[in-house]
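So that you can see what the record holds, here are the features copied from TrEMBL:
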| type | residues | note |
| --- | --- | --- |
| SITE | K443 | site 'Determinant of potassium independence' |
| TRANSMEM | 6-25 | transmembrane segment |
| TRANSMEM | 57-85 | transmembrane segment |
| TRANSMEM | 120-145 | transmembrane segment |
| TRANSMEM | 152-173 | transmembrane segment |
| TRANSMEM | 242-268 | transmembrane segment |
| TRANSMEM | 280-302 | transmembrane segment |
| TRANSMEM | 308-330 | transmembrane segment |
| TRANSMEM | 350-379 | transmembrane segment |
| TRANSMEM | 448-468 | transmembrane segment |
| TRANSMEM | 480-500 | transmembrane segment |
| TRANSMEM | 549-580 | transmembrane segment |
| TRANSMEM | 630-652 | transmembrane segment |
Amino acid sequence: MNLLIIPVVAGLTCIGAALYLFLRLRAAKISSPKMSEIGSYIAIGVRAYLSRQLRAILLVTPVVAIILGFTLNIWIAVTFVLGVFTSLITAYMGMSASTRANVKTADDATRSVNTAFHTAVFGGSIMGFSITGFSLVVLSVLYLLFKDPNPLVGFGFGASLAALFAQIGGGIYTKAADIGADLVGKVEANIPEDDPRNPAVVADLVGDNVGDCAGRGADLFQTFSDDIVTGMVVALTLVPKYGGAVLFFPMLLQSAGLAASMLGVLSIRFFDRSKPETAFYWGMAVTTVFAVLGSFLVSHFLVHDMALFIGTCLGVATTLVSSIITRYYAGSSGKPVHDIAEASKRGVALNVITGLSAGLQSPLGSIVMIVIAVAAAYFISGGSLLAIVAVNIGTDLLIGYIMTADAFGPIIDNASGIAEMSGAHEQIVHSLSQLDSVGNTMKATTKAYAMSSGTVTSFVLFSTYFSIVGLKTMNVMEPYSIAFILLGICLPYLISSLTIGSAAKTAMLMVDEVRRQFRTIPGILKGEAMPDYATCIDISTRNALKEMILPGVISIAVPIFVGLVFGHWALGALLIGAVLSSALLGPFFNNTGTAFDNAKKLIEDSGRKGSFEHQAAVAADTVGDPLKDVAGPALLIFMKLIGMAALLIAGIKPLF
């Protein structure tokens, strides 16, 4: 039997499940005309942004494809373009689902919060199933055509490039709107969050979709795809040891993970009596059990090497430990978040200082777990790089479930906003707000998972790169090695600076526009006049697309320039520095920003909205917003993009 049948069937099953859920969602009736109207505003804003983002990416894609075609070969260019567009298609599918699920969730909440919870879960699963299904099917077909994993590197590079633009653009959009809505609406005008009188409120809700759904979907699509591609490239070097079947090891492992994720999502229905957060964790437990069972079967029957099974289990454990650490540092039940909320009673400064202190500590546990997992797998396998690939794919095995939990967050966030804007009963808004807090923790868990997976992936990428170019050792005592390691360390700081600065510049324009409308349009604050939502949406759209270009170009150009001009060893040193720096900065940004957000929600849920401490928490939350939703996710993608760029040019001789 051709082993490619298994990933193709697994992928098509996921796509079929996503399509079935999407059609069900589209056919569902909305009983509230007001909610339906607000949902249509959000959907129009989302489509407008995505169409303009597509045009922006189309300006870059042909240029890069032509360069790849001339410097490498035409097939790398073709797979690159395919990677870009497959990523965009899956993101668009997820977006279409989320903009329908948010209205349906808000509408269902008027009858039952439990029904609303399940609507949001299955709405999120459309994103989770579609990104994984499309990736598996397309990569399987490409391998069937080429019979060689090397051309697939172009696909991974294209997926990473699309993810970088989607995440940076979407992140800048959503955070500019969020900051503008919070600073002027909640702090200055003292009106509630998601109040229809706020001109930036619709842009904020649109941003939840383009940043947290489309951006994160593209991010996890490239994670899933890159890990399969790098795994197959490594497996190609080990065919003499394991036989030709080893080439299918990454795809079959991911297929087992997808089956487990589908069972995990379905199992959430059996935990109806549990709290929503508890139901999610039970679903994750079910997914983990079946994923581990599947990895045992693949390791035992395909490659007959149980060291790879142990490596996969270590990868799964890394994901779970990272999630627990994130839940402690950034979750609403953790001590750091309570400390931040308590510090808010003394003002903004102490809130921020307390949050930064906890955030700087948060990457340590995950990094230690990654080191233990990689070192243990390498030792147990007798020094096999395939065991580290197994760890890497182990961190991916829950990806379908993780993406479902992540997309749940913005769907609930939107539903809460739609309910408040439509004038729903206060109890419904409060119930959705509590679900929103669960969604925030799920989003933070996803970021922890993605960062752990990204760090291991980056290690596999530069190990593969060193193997291809024949670099077995590097003398770090040489000044040139130190110089390029330091340059690599600096790059994530530069990318972070550019993305945070871009969010700040766009937010300034948003703040000015909201203030202008409050000042010049009589009756907005009294509810007697409609705000100009469209202008705020346009400000976020135009500036997000403009500001995403420079970080993207730097991420592509610097590694290629260093590799071609200074040689393979220089690029290797650059990779080491960039990955180490990103692996620490990313979790710091993600956990700090989420902790600020949940501290604010903790104060709000205790009935202290509008108080001095609440205003301090809102200000700190706006500081954390670009950290967790722009800089942190951008660094995750940057780590993989720079590694895929290195693999692409590994076969090219330096110019000098």
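Every residue gets a Cβ built from N, Cα and C, even glycine.
Caution: TrEMBL annotation is automatic and unverified by curators.
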Check: What residues in the same chain, six or more past the boundaries of the transmembrane segment (480-500), come closer than 8 Å to it by Cβ-Cβ distance?
Finding: 168, 171-172, 474, 547, 550-551, 554-555, 558, 562, 566, 569-571, 573-582, 585-586, 589, 626-627, 630-631, 634-635, 638, 642
Notebook entry, point to check: Quick one: do the transmembrane segment (152-173) and the transmembrane segment (448-468) reach 3+ CB pairs under 8 Å, ignoring pairs fewer than 6 apart in sequence?
Noted result: no
Check: Counting only residues 6+ apart in the same chain, whose Cβ is under 8 Å from the Cβ of K443 (site 'Determinant of potassium independence')?
Finding: D212, R216, D406, G409, P410, T594
Next item on the list: State the residues, same chain only, that lie 6 or more residues beyond the ends of the transmembrane segment (57-85) and have a CB under 8 A from a CB inside it; answer 'none' if no residue qualifies.
Entry: 138, 142, 146, 151-162, 165, 225, 549, 552, 556, 648-649, 651-652
